[in-house]
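Now, the feature entries from TrEMBL:
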REGION    1-29  region 'Disordered'
COMPBIAS  16-25  compositional bias 'Low complexity'
TRANSMEM  35-53  transmembrane segment
TRANSMEM  86-104  transmembrane segment
TRANSMEM  116-137  transmembrane segment
TRANSMEM  143-163  transmembrane segment
TRANSMEM  170-192  transmembrane segment
TRANSMEM  219-240  transmembrane segment
TRANSMEM  261-284  transmembrane segment
Amino acid sequence: MRASVSAPTEAEDTAADGTTAGAGRSPRRARGRQAPLVVVLLAVSSVCALSLGTPHVPPRLLAGALLEGDTTLAGVVVTELRVPRLVLALVAGACLGAAGLVLQEALRNPLAVPEMLGVSSGAALGVAAPLVLALSLPAAVQPLLAIGGAALGGGLTLFAAGLGRSPSAVLLTGAAVAAALQAALLVLMVMADQLDLQLIYRYLLGSLSARTWDDVAGLWPWLLVVAPALVLCAPVLSVMRLGDEDAEALGVRAQRARLTALAVAVVLIAPVTAVCGPVAWVGFLAPHLARWFAPAAGAVRWLPWSAAWGAVVVTVADVPARLALAPVETPVGAWTALLGVPVGVALTRSGGRDRGRSRRGAAGAEGAR
């Protein structure tokens with residue numbers, strides 16, 4: 001009797017978590033494939049980022065160029081231009097990937113991404129407005145402006161949706177708030193002169209061009225602040241997947257947890273947006289990749305993998321962004337969108353088929369019982 005009861009329960013849990021019981025994808029095997037794939041992609045894209053370009057530095061000479069520092073042209077290019085850009089791509093991608101998972105789990109919606117909740121648009125508005133208004137502000141203030149704009153966008157979304165009582169209402173309201181903030185950005189672009197207009201346009205597409213060690217250093221204080229909160233947030237997100245009523249029964253205040261998750265996501269997204277601009281699709285694609293490779297895991301395990309996949313997406317996308325139309329650089333946000341749209345659609349379709357198999361398996365087990 002115990003075995004007959006436990007079988008459908010496991011199947012139902014599998015369906016709820018997106019496990020692919022009938023898809024032939026073992027969670028342990030999937031995780032085993034995920035780690036080497038992430039490492040290989042990061043290694044190959046990092047070598048390409050440091051080696052390719054003008055001047056070309058062969059991979060066998062990279063170690064020497066790093067050690068030589070500013071004594072040779074190759075050393076200057078690698079250590080002062082390419083390495084900080086690579087580090088920034090890794091950090092920015094990890095932050096956006098983790099933030100995407102936090103938002104999706106808190107709202108229990110795989111489409112809950114920064115671009116759909118007014119967070120990215122608010123952060124971009126906070127950075128672009130002083131530029132158009134010709135306000136001379138120190139660079140250290142930009143992350144604060146981005147955080148203020150992101151908090152404004154996210155706060156408007158939550159309050160307009162009834163403080164997050166309905167995850168679906170939050171998503172629909174967020175789309176409306178994001179559209180309003182983007183309209184405000186368009187008004188600013190009309191007011192800007194030609195030079196500022198070009199800067200704002202490239203910024204809004206997301207770019208890693210001409211970033212230095214100072215830009216990288218500006219992100220670390222915010223990461224040190226949000227990292228402990230992110231670690232503490234992951235177990236709560238796992239409970240939130242059960243629904244508000246079950247989470248409340250287990251001692252989690254769903255509304256407060258959702259607000260806290262939004263605050264964590266804002267602090268992850270806003271500094272990156274201040275430095276790189278709104279890099280689209282990373283917050284959507286990275287969590288889906290993490291779930292696809294480990295469908296039976298929870299938020300605690302998905303979070304580091306989502307951050308890792310975010311770093312992979314931005315690092316891989318930055319290689320063609322820098323080289324495809326050389327010597328002209330294209331925005332990395334355009335390439336993350338080109339990469340994210342087909343892969344995201346494929347993952348979503350695959351997940352839908354897998355959940356359908358799991359539901360049929362659960363229904364069959366229930367009927368057998």
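For all residues, glycine too, the Cβ spot is worked out from N, Cα and C.
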Interface-richest range of 86-104, 116-137, 219-240, 261-284 toward the transmembrane segment (170-192), CB pairs under 8 Å: 116-137
Long-range neighbours of the transmembrane segment (86-104), counting only residues six or more past its ends (CB under 8 A): 42, 46, 49-50, 110-114, 117, 119, 208, 211, 215-216, 219, 223, 230, 233, 237, 261-262, 264-265, 268-269, 271-272, 275-276, 279, 282-287, 290, 299, 302-303, 306-315, 318, 332
Residue numbers, six or more beyond the limits of the transmembrane segment (219-240), whose CB comes under 8 Å of its CB atoms: 88, 91-92, 95, 98, 101-102, 105-106, 108, 143, 246-247, 250, 252, 254, 257-258, 260-261, 263-264, 267-268, 270-272, 275, 298-300, 303
Same-chain residues near the transmembrane segment (261-284), Cβ under 8 Å, at least 6 residues beyond its ends: 88, 91-93, 95-100, 102-103, 105-106, 111, 113-115, 117, 119-121, 123-124, 126-127, 142-143, 145-147, 149-151, 154, 158, 164, 202-208, 211, 215, 218-219, 222-223, 225-226, 229-230, 233, 236-237, 240, 310, 313-314, 331-333, 336-337, 339-341, 344
